[in-house]
There are 2 protein chains.
Amino acid sequence: MSWIDEVKWDAQGLVPVIAQEAASNDVLMFAWMDREALLKTVESGRAVYFSRSRQKLWFKGEESGHVQLVHEVRLDCDNDVVLLKVTQQGHDPSIACHTGRHSCFFQLYRDGAWQSVEPVLKNPESIYSSANKP
Amino acid sequence: MSWIDEVKWDAQGLVPVIAQEAASNDVLMFAWMDREALLKTVESGRAVYFSRSRQKLWFKGEESGHVQLVHEVRLDCDNDVVLLKVTQQGHDPSIACHTGRHSCFFQLYRDGAWQSVEPVLKNPESIYSSANKP
């Protein structure tokens, strides 16, 4: 059986994907892949996800320039979750989140509320301006 | 609005959850929570998931003794994914995976195949023997 057929896709043909920064081990973001996205990720060495809201392939960084260079693709014990080890490119310090933050996981539970605990490194409006489009 | 109501549950009333080891930043496992599981996690300081296969709350470590002490609960930018920072208890070196490995993400893509690259630290049969049940 081919490696791609060993992946257990859900009812929508997707698997959850965790993107982890290789150098820091920080969890940067969470997204989804379909079969084509995973194939393209492995072939290109760049993270390609499946956008559920837009229902199409999402080449990470296609608008923002925040491309993810993929060092490792891992699969969990149940064959239904993927972990990528990446270098987050396009800005220093690295930005993975569309809000302009390093990581999407910037809301910390504290005293009965979610508190934003990570700084915005770049204005999201300038991230998605036409100047950054490839 | 209460913090718990800010979480965007999916059609099944669940959110994906990533468990990351606080000391090493290693991604240990991926699971799901419903509203009750997240409330119990925050209240108890121990990871409580929702088992989709058993359709009930899953107190991590209830059979294995591999309890997860929760240091941080984080929410992503879209309010629909949770990240836990945990100390994985019950064995040294730590075991989060039911296969007896440190992490569930032990299958690495290499040369067209998934290769197991992490050692089994404890025989799964002994992890789930009656001796380990609380």
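Any Cβ shown, glycine's included, is placed from N, Cα and C.
Annotated Mg(2+) binding site per TrEMBL: A:Asp76, A:Asp78, A:Asp80, in sequence order. Residues or ranges marked as Zn(2+) binding site by TrEMBL: A:Cys77, A:Cys97, A:Cys104. According to TrEMBL, the feature domain 'Phosphoribosyl-AMP cyclohydrolase' maps to A:29-106.
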**Study point:** Composition by DSSP (helix, strand, coil) of residues within the domain 'Phosphoribosyl-AMP cyclohydrolase' (A:29-106)
**Key:** 10 helix, 29 strand, 39 coil
Point to revise | Under 8 Å by Cβ from A:Asp76 (Mg(2+) binding site), same chain, sequence gap 6 or more | key: A:Val82, A:Leu83
Review point. Near A:Asp80 (Mg(2+) binding site), how many other Cβ atoms are within 10 Å of its Cβ?
Key: 15
Study note, to complete from the structure: Note: among binding-site residues A:Cys77, A:Cys97, A:Cys104, least Cβ-dense neighbourhood at 10 Å is A:Cys77
Study note, to complete from the structure: Whole-Å Cα distance, A:Asp80 (Mg(2+) binding site) to A:Cys104 (Zn(2+) binding site), is 22
Revision key, fill the gap. Rounded Cα distance, in Å, between A:Cys97 (Zn(2+) binding site) and A:Asp78 (Mg(2+) binding site) is 28
Exercise for review: Between A:Cys104 (Zn(2+) binding site) and A:Asp78 (Mg(2+) binding site), find the distance joining the two CA atoms and give it rounded to the nearest Å.
Suggested key: 25
Review point. Could you give the mean pLDDT over the domain 'Phosphoribosyl-AMP cyclohydrolase' (A:29-106), rounded to a whole number?
Key: 97
Point to revise | Same chain, 6+ residues apart, C-beta under 8 Å of the C-beta of A:Asp78 (Mg(2+) binding site), given in sequence order | key: A:Lys8
